[in-house]
Amino acid sequence: MEEKPFSVIVNGAVPGEPVKTDKNSRRGNWGNQIEFILTSVGYAVGLGNVWRFPYLCYRNGGGAFMFPYFIMLVFCGIPLFFLELSFGQFASQGCLGVWRISPMFKGVGYGMMVVSTYIGIYYNVVICIAFYYFFSSMTNLLPWTYCNNPWNTPTCNGVVTPRGINNTLANVTRSLVTGAAEVAVEVVNKTKRTSPSEEYWKHYVLQISDDIGNFGEVRLPILGCLAVSWVVVFLCLIRGVKSSGKVVYFTATFPYVVLTILFIRGITLEGAVTGIKYYLTPQWHKILDAKVWGDAASQIFYSLGCAWGGLITMASYNKFHNNCYRDSIIISITNCATSVYAGFVIFSILGFMAHHLNVDVSEVADHGPGLAFVAYPEALTLLPISPLWSLLFFFMLILLGLGTQFCLLETLVTAIVDEIGTDWIVRNKTVVTGGVAIVGFLLGVPLTTQAGIYWLLLMDNYAASFSLVIISCIMCICIMYVYGHKKYFKDVEMMLGFPPPIFFRVCWRFVSPIIISFILIFTVIQYKPITYNDYVYPGWSLAIGFLMAMSSVICIPIYALYKIAKSEGTTFLERLKNSCKPDMKWGPALSEHRIGLYATPGSEGEVEVRPLKEELREKEKEDEKRDEISLTIQGSNGSTEHNTTPSA
């Protein structure tokens, strides 16, 4: 009778036999495979696809940059993506739990958590600024259109003629083309042009201070938008992947709708073809430049989100036999195709703007916040119904940012819940999510001050730079050489039903680690102290930047020494060897998947159905013993041979 609830879970099951559901009801799974793919696409496709890739492509030879970019995608991007997805899916654990594969390397997981924390703090500040611009666009006239505002300076030069406004109030120093209905074209030779969008960004939105140490006051409008950002992220993750998996149907797909609308509008503008030609025209002589290959490798590595911990976390909610090999190829190619597509959108608009300013495209193109919040908004003022296009553009930025932010927060929450692992914390995961969101909001408050943009760029340049490369390299070494490539290939075959293709086996063992090492060396050689426009960061701030970068890497040796000290053994080598051995709990999470090598009693605490099955077995054994004793005592009639059916 006690097995009935267990045997009728799925139609068609044999009565009295356990049913394989391939579902982890205690931890949770994605509702379906589309939710995982959309979430991973939203995670990989972020703000960097819109502003960083087009800039790098333009700076490194246009179309010629595509060649090393796709080479790096094939030999580094997709293999690393597949490695992290298979790693998390096999163990059904977050970025900390997976290191049962080799406990000494658990510091890599802590390093991933530190990186995700840094990125999560400043990434949401960028999203909140996009919210601010989105709300500011809800007007008949974009506030950064003209130079007649209280925050403008005498050097401001707009590209649009103020209609019905005294020109002297707008700008006494600029040159205007005659005709009230014509667009003003800047033809005078100036050493530096200050646009109304740049002054709106600096003097109104940020009210930027003169030094990174001069925090000034908190910008309350930005602080309010930051609160809105965190509330939105929390509400979308309130039920973990069950709720975020539904939200991504919109957040991961609608940006493509907006990109397409902006692309169609962009290519119909005068001068758009010039911008696209500038974007795509190959400068083949640059392909021999090591810097071009270094930028291509770095862009692939950072764009896909490798070593952040997010890929491992997202894959951990997959069902055990999901084809993550197929998913890794789909998501990686989608991410890179989005970057290329965004380049067409951006440079069609910038070409249009260059045409109106009568300057080269190189003089209006920018990267980072400069492209998203200065150059592109200014170009939007030249379009008819400019507030509509501005709303669409910043709404797209918000959705792109949220897709990445969801995974960053889920990475931290999952790591905490998996590490503690008590029933209470599993049931109250929402409380953990809320707590992490509140802490993230409070840590982001300094970035909403007048010096906030300096700190944001410092974190962006140092918190997730060479540390990610080191973390990823050590992860490859641990899995391939410490745990053993043959064992890991068998694990993947056990999970997918087929071994990893030979191309991926070669990349995991040799090619990808070499490329990662190349990225690290290139990053060190090409290092230049960070600047923001004309502002040079002081030495003490750069020291803080390096400390942030090292804080994630230092977790690895510190935890390794701790684990070695705690391991069994009389000599250092014995302890080192024991600390590298896989934990008894390493392997698939569900008992139905723990076969062969993993069918060991050491995984009891991690198995979802096992305790019930073992309880039934123990009860059967007790009943058998009881019957045997009873029949033996009664036994002069020789009936002991009838004790074949246990009472259970």
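Keep in mind that glycine also has a Cβ here, set from the backbone N, Cα and C atoms.
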If you check TrEMBL, which of Cys128, Cys147 bonds to Cys156 via a disulphide?
Cys147
Would you count the other C-beta atoms found within 10 angstroms of the C-beta of Ala44 (Na(+) 2 binding site) for me?
27
How many other Cβ atoms are found within 10 Å of the Cβ atom of Cys156 (disulfide bond), counting all protein chains shown?
23
Quickly jot the same-chain residues contacting the transmembrane segment (36-54) by Cβ under 8 Å, restricted to those at least six beyond its ends, or write none.
30, 123, 126, 241, 244-245, 248-249, 251-253, 255, 279, 299, 302-305, 310-311, 314-315, 317-318, 322, 327, 330-332, 334-335, 338-340, 342-343, 346-347, 365, 367-369, 371-372, 396-397, 400-404, 406-407
Taking the transmembrane segment (539-562) as reference, which of 220-241, 253-280, 329-354, 462-483, 503-527 has the most Cβ pairs under 8 angstroms?
462-483
Contact set, same chain, for the transmembrane segment (388-409): CB under 8 Å, 6 or more residues outside the stretch
39-43, 45-47, 49-50, 116, 119-120, 123-124, 126-127, 130-131, 133-134, 137-138, 142, 229, 232-234, 236-237, 244, 247-248, 250-252, 254-255, 258-259, 261-262, 265, 305, 308, 310, 313-314, 372, 376-377, 380, 433, 436-437, 440
Where among 253-280, 300-317, 430-456, 462-483, 503-527 do we find the most Cβ pairs under 8 Å to the transmembrane segment (329-354)?
253-280
Same-chain neighbours of the Na(+) 1 site, Cβ within 8 Å of the mean position of the Cβ atoms of Gly42, Val45, Ser303, Asn335, Leu400 and not counting those residues, run in sequence order as Val41, Tyr43, Ala44, Gly46, Gly48, Asn49, Thr338, Gly403, Thr404
Spatially speaking, which of the binding-site residues Gly42, Val45, Ser303, Asn335, Leu400 is closest to Cys147 (disulfide bond)? Use C-alpha to C-alpha, please.
Leu400
Around the Cβ of Asn49 (Na(+) 2 binding site), how many other Cβ atoms lie within 10 Å? Please give the count over every shown protein chain.
24
